[in-house]
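Look at TrEMBL and you will find 12-31, 69-89, 101-118, 138-159, 171-199, 205-223 tagged as transmembrane segment.
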Amino acid sequence: LSVSFFDQFMSTTYLGIPLIALALIFPSILYPTQTNRWLNNRLLTLQNAFINRFTHQLLLPLNVGGHKWAALLASLMLFLISLNMLGLLPYTFTPTAQLSLNLGFAVPLWLATLIIGMRNQPNHALGHLLPEGTPNLLIPMLIVIETISLFIRPLALGVRLTANLTAGHLLIQLISTAVFVLLPLMPSVAILTATVLVLLTLLEVAVAMIQAYVFVLLLTLYLQENI
């Protein structure tokens, strides 16, 4: 039974087509595309207002050079939110529960911010490895620690997103299994457990949105350090 709980995170195939490929393509179908009309419909207007507000809040601390990342970060935010939310539906697959996919997003974007910092202001970028006023005896140790923490950043980005989604899905499945087991034995306890399951599902919806925002927000902070 314990093995079946983790089967939901396996990338299955149907008619020879990997479902992870369909799951990655599906979010692009949900959002309305821009039109050539003078006035947009309500859904497109709400979408544009959300993107503009989110982009303004996210890029407010950055200077003008960082605004070039607006389209990339906004697209990544919408993509991650869509994948996380769609993964909460029954009989669906959650691509962002795979560590390899999350690292595929985290490592290139983190490396791009690091390369920008080393190219534009190498002294300032290397200065983060050694805070000012450090005692001489601690300088070698501190440089090693800061270097390790620098290279752990993309791993932390991917593991944070994967761990939160995986834990939430496992907890939902465990509680739902308990509801089915307790229903014929103790109906009152099963109803109480089902109420907890509904509240947990609402919490997971919030976690799905918050984790996508945190992922993009941390990338913005890494970008802010290097521009």
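Here the Cβ of each residue, glycine as well, is placed from N, Cα and C on the backbone.
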For the transmembrane segment (205-223), out of 69-89, 101-118, 171-199, most C-beta pairs under 8 A are with 69-89
Per the Cβ filter (under 8 Å) with a sequence gap of at least 6 from its ends, the transmembrane segment (12-31) is approached by 47, 78-79, 82-83, 86-87, 92-95, 98, 101
